[in-house]
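Some features that TrEMBL has for this protein:
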type     : residues : note
DOMAIN   : 65-497   : domain 'Major facilitator superfamily (MFS) profile'
TRANSMEM : 63-84    : transmembrane segment
TRANSMEM : 104-126  : transmembrane segment
TRANSMEM : 133-152  : transmembrane segment
TRANSMEM : 158-179  : transmembrane segment
TRANSMEM : 191-210  : transmembrane segment
TRANSMEM : 216-237  : transmembrane segment
TRANSMEM : 305-328  : transmembrane segment
TRANSMEM : 340-362  : transmembrane segment
TRANSMEM : 369-391  : transmembrane segment
TRANSMEM : 411-430  : transmembrane segment
TRANSMEM : 442-462  : transmembrane segment
TRANSMEM : 474-493  : transmembrane segment
Amino acid sequence: MNIVKIYKKFGRKCYKVALFYLFRSDSTPFINNGTSATIVKKPLPGKTSKPGKEGRGKAFRQIIASFVANLGTMNTGMAFGFSATALPQLKSAQSSIQITENQASWIASLSSVGTPIGCIVSGYLMDNIGRRRTLIITEVPLILGWILISVAQNVPMIYIGRLLIGFGSGMVGAPARVYTCEVSQPHLRGMLGAMASVGVSTGVLIQYVIGSVTTWNVLAGVSAIIPIISLIGMTLLPETPNYLLTQDKTAKAETSLAKLRGSTCNLQDEIQRMKSFKEKNHVEPLKSPNEILKALLSPSALKPFAILAIYFFIYQWCGVNTITFYAVEVFESSGASLDKYWLTISMGIIRVIFTVVGCILCRRCGRRPLTFVSAFGCGSTMITLGVYLYYVQYWRENNIPPQYSWIPVASIYLFTIFCTLGYLIVPWIMIGEVYPTQVRGIIGGMTTCAAHLSIFSVVKTFPYLKHSLNDYGVFGLYGVISIAGMVFFYIFLPETKGRTLQEIEDYFCGRTKSLKKASVTETA
């Protein structure tokens with residue numbers, strides 16, 4: 001059928017379509033109404049591809065590998081939750097080790113001192129010995145730290161144990177997230193990537209539950225079980241294919257991928273895609289210190305680092321870890337009539353549930369909306385708690401029994417919900433999105449380091465602020481900082497949902513002025 005007959009039979013629109021198929025080349029996109037159509041090429045002879053779900057690897061294997069890798073992240077939550085139940089016991093007259101208010105603040109905050117160092121060390125180890133070996137080494141200081149606290153005979157032994165736990169908790173964060181992303185396929189990556197946040201919340205809950213029925217040293221001994229299981233589990237898992245390819249170990253990468261995917265996946269196709277990605281994006285390791293320094297000081301690295309460092313500062317100074325570390329004492333000072341340990345446990349349960357909810361919402365709602373929900377919600381609930389505590393002090397000074405005791409409980413519960421929906425998830429996800437590939441490990445560790453320095457500052461200063469500003473003044477201050485942070489988030493926080501890594505890097509480099517335009521290509 002010639003062109004004239006096509007035009008007469010099918011009309012002008014179909015004529016254009018026919019012209020496209022008659023004269024197009026594979027390199028020329030078909031544009032209709034300003035939108036490029038997707039052109040699917042047929043596979044070359046000799047190549048086999050399994051379309052859709054048929055070509056996917058076995059989900060169960062990827063879930064198990066990610067679960068084992070993220071077992072260590074529970075230690076971060078356990079480090080946070082330990083002091084909430086242990087400090088009241090150590091302050092009691094029946095304790096075998098008596099501590100002062102100042103020593104209590106050091107026990108609570110010392111884990112956050114060791115964590116930044118662990119963050120930097122793990123970033124170096126990941127690129128030099130691999131993700132799997134780094135996760136194995138990570139468990140050693142955690143095991144030693146928990147055992148040392150469980151057999152402690154004096155306060156310095158507890159101090160050293162807390163430092164070791166903080167160091168190990170800092171080491172585990174980045175490699176667990178990187179390992180999970182590199183062993184999971186795109187359709188599972190979002191769900192499995194959320195395991196780290198869920199692991200932290202679960203670790204907090206474990207400490208609240210066990211700590212309410214046992215002594216602090218027994219709690220520390222039981223806590224050593226988690227890193228021991230994680231160490232054994234990691235010895236049974238393979239190294240990630242991505243890391244093995246960077247070391248030019250193609251055969252081992254294929255073996256690793258076969259273990260992680262099973263027989264349902266076309267291994268050669270996936271390996272080839274990994275190689276193509278590496279070549280296309282020029283992902284080569286930076287060798288000299290000058291190259292690394294130049295990459296770290298580039299706008300594409302420095303700008304997002306500044307944004308996330310300030311984000312973490314605002315998020316920590318909304319009072320989240322003050323509530324986590326001193327949960328039992330906060331409930332006790334609030335005048336709540338219910339048992340303070342049960343209130344603490346129920347708060348931990350709420351945290352786990354809404355961490356999962358927050359991970360789901362983050363995929364649907366974006367980073368900015370959830371951040372604003374957290375900022376306003378945490379700020380308003382902290383101010384409400386501060387106002388109530390002001391009246392609690394007035395009632396106690398005048399021998400009046402506390403009234404409306406449900407208000408502080410509701411404020412803390414709502415604070416936990418608002419915090420987990422955005423603050424506890426968004427900045428950690430953005431660490432993997434906003435940095436250039438070549439320095440993502442190093443500057444990701446630096447960002448995590450900055451985050452834990454903020455944790456240390458707020459936890460360590462809480463007792464001193466409480467004495468100078470009273471309970472109501474401290475929580476009022478936290479609320480004001482959170483609400484004031486909304487101005488910063490509105491001006492500087494970009495929306496990275498649905499944007500490719502190249503679009504984000506272009507934005508921070510100044511090549512594009514905005515990230516508002518929707519991306520056609522989905523981020524893996």
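Easy rule for this one: first residue shown is 1, then count along the chain.
Note: Cβ is positioned from N, Cα and C throughout, glycine not excepted.
Just so you know, TrEMBL annotations never went through curation; they're auto-generated.
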Hey, would you say the transmembrane segment (63-84) packs against the transmembrane segment (369-391), going by three or more CB pairs under 8 A that are 6+ residues apart?
no
Residues from the same chain, set at least six apart from the ends of the transmembrane segment (340-362), whose C-beta lies under 8 A from its own:
81, 84-85, 190-191, 194, 197-198, 200-202, 204-205, 208-209, 212, 323, 327-328, 331-332, 370, 409, 412-413, 416-417, 420-422, 424-426, 429, 497
Suppose I define contact as three or more CB-CB distances under 8 A, residues 6 or more apart in sequence; do the transmembrane segment (442-462) and the transmembrane segment (104-126) meet it?
yes
Are the transmembrane segment (133-152) and the transmembrane segment (411-430) close enough that 3 or more Cβ pairs fall under 8 Å, when only pairs 6 or more apart in sequence count?
no
Determine the mean pLDDT over the domain 'Major facilitator superfamily (MFS) profile' (65-497), rounding to the nearest whole number.
83
